[in-house]
Every structure is written in structure tokens, then in C-alpha cells.
Amino acid sequence: MIKYVLISALLVVAVYSFTIEDNEDALLEEAEDELDTEEERRMALPPGAVCIGHKSDCQCFGAKYKCSCPFLWRFRRSAKCHCRKGWAWTAIKKRSCHNRYQWSG
């Protein structure tokens, strides 16, 4: 019985430590996103330009343009993401962009 209690306690501690680590990573990502918003406000890439795949679609100019990456682009060095025309959902999603004033009419 005591073995089961100890194993359960160790399992809880392990899960808790992973949760704390994930929370720290999330806080770091939020801090980076806050820094990136200033950059997004200043610039918007034209259609067809090379964009950064792990950032938001707000970096591409236009309501319907999004950063589109090829399949498994993270594992291929030569693969680059480009600003390409998306669907209507892209325009709805980009309403919350900080630099939307650049392309909205």
C-alpha cells in the first residue's frame, strides 16, 4: 500500500514540475509577443514576400493575406514561408491585428 502512495506522489510531483515548466515557457512567449507587436505595427510585408512562419499573419499586408509555409518547412533549410492569399477566415482572424490600419480602407 505504501508503495502505491509513494508512486502516486512521485507521479503528481512529476506532472506538477512539467506544468510549471510549461507556464514559464508560456510567459516567455507572451513577453516575446509583446515585443513583436511594436515591430508588427511598423511594417507589413507585401504579397509574395518572405515572412517568418512562426509569427502571426499580421506581418502580411492585406486583410486576406497570411503567412503560408510549405509542408514540413521547419525541417527543410531551403523552405521559406511567403505571404499568400488566404480564405475569408483569414480576414476575420486579422481584425485583431495591431497594424490593420495600414490595409483597412
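The first residue you see is number 1, and the count goes up from there.
Here the Cβ of each residue, glycine as well, is placed from N, Cα and C on the backbone.
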**Prompt:** Swiss-Prot annotation: C97 disulfide-bonded to which of C51, C58?
**Reply:** C58
**Request:** Identify which of C60, C67, C81 is listed by Swiss-Prot as the disulfide partner of C69.
**Result:** C81
**Fill in**
Between the C-alpha atoms of C51 (disulfide bond) and C81 (disulfide bond), the distance in angstrom, to the nearest integer, is 5
**Nearest-integer angstrom distance between the alpha carbons (Cα) of C58 (disulfide bond) and C83 (disulfide bond)** = 10
**Request:** State the Cα to Cα distance, in Å, between C67 (disulfide bond) and C81 (disulfide bond), rounded to an integer.
**Result:** 6
